């Protein structure tokens with residue numbers, strides 16, 4: 001009887017060891033998956049910040065050296081989509097055994113066309129707003145995009161808005177709008193009430209539209225594609241870039257702006273080769289930005305992506321100071337500090353969420369041990 005009891009205890013200990021070993025393996029796998037997720041988020045963040053900074057500075061160089069076409073500048077922001085083709089084809093051949101995405105070709109095409117055309121409308125809204133509003137007023141209104149996104153992500157994506165996130169949204173929105181305190185010669189002219197009303201309406205629509213587009217993109221990954229793999233991120237960026245580029249080309253030819261291109265190239269101060277190199281590098285930079293922003297939406301959230309974009313707007317003046325010899329002002333430093341504070345607040349909220357999730361796992365594991 002005693003031998004049977006010892007045998008039973010031995011079997012029980014073996015089973016407990018196997019259970020503990022299985023739990024350790026699961027925890028190790030979970031931690032590895034989490035580390036890979038944060039590595040991807042870091043890479044996408046680098047794409048957003050780097051692409052935004054380089055693309056913005058090259059766009060400024062384009063105008064300063066004699067470029068005049070708004071359609072060409074807009075086209076350069078999306079025409080880099082072909083560079084994604086090798087990565088898409090590679091991922092297709094590498095992941096042939098992956099289960100297919102639960103969305104038909106028609107549904108996928110409809111999503112890409114809708115989001116692409118929606119982006120064109122939002123971009124044009126901002127373009128019209130710049131023409132009708134003083135720079136300071138335009139900056140203030142467009143800075144509300146992050147606040148709108150916090151609202152749309154709450155209702156459409158189910159993200160909670162804590163006091164820390166609200167603090168981050170306010171700081172980052174204000175950091176991107178701090179230009180309203182800077183005196184600009186362009187703001188001194190008389191602007192009619194009708195122009196102000198039109199500018200206010202279209203810029204507000206553009207801010208709300210972009211916020212809605214980010215939340216809808218996240219909703220597509222969650223509910224329609226039900227997948228957020230790197231392949232889906234690349235496809236989304238590629239097809240949206242494709243449809244926006246087609247729309248921009250139509251606008252270029254419909255406006256007759258293409259007739260002035262030969263003259264513009266000839267008058268470009270740094271020469272023809274520099275003109276094309278600027279546009280090519282601009283296209284690549286903005287495409288990396290697009291991949292990064294869509295990647296952050298899929299791997300983190302639409303609000304996280306927008307936080308990074310607004311933070312990027314605060315650090316662009318620093319790059320301009322270093323590379324283009326811009327004069328640094330107290331307001332630019334203040335804007336950067338607000339951006340850093342807002343970004344740190346948002347990351348701190350993610351840290352608290354991770355700690356809470358880890359404590360919940362430990363508590364659940366302890367309860368299982370008690371039951372055993």
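Using the three backbone atoms N, Cα and C, a Cβ is placed for every residue, glycine included.
Record note: among 217-235, 236-254, 255-273, 236-254 is the stretch given as transmembrane segment by TrEMBL.
Given the ranges 331-348, 349-366, the record in TrEMBL names 331-348 as transmembrane segment.
Among residues of the same chain six or more beyond the transmembrane segment (71-89), those with a C-beta under 8 A of the stretch's C-beta atoms are 55, 59, 62-63, 123, 127, 231, 234-235, 237-238, 240-242, 244-245, 248-249, 251-252, 255, 257, 261, 264, 279, 282-288, 290-291. With a threshold of 8 Å between CB atoms, the same-chain residues lying at least 6 positions outside the transmembrane segment (195-216) that come near it are 115, 118-119, 121-123, 125-126, 128-129, 131-133, 137-138, 141-142, 144-146, 148-149, 151-153, 156-157, 293, 297, 302-303, 305-306. Among the listed stretches 37-59, 109-130, 303-324, the one sharing the most Cβ pairs under 8 Å with the transmembrane segment (275-297) is 37-59. Under 8 Å from some Cβ of the transmembrane segment (109-130) lie the Cβ atoms of residues 70, 74, 103, 138, 141-142, 198-199, 202-203, 205-206, 209-210, 213, 216-217, 220, 224, 236, 239-244, 247-248, all in the same chain and six or more residues away from its ends.
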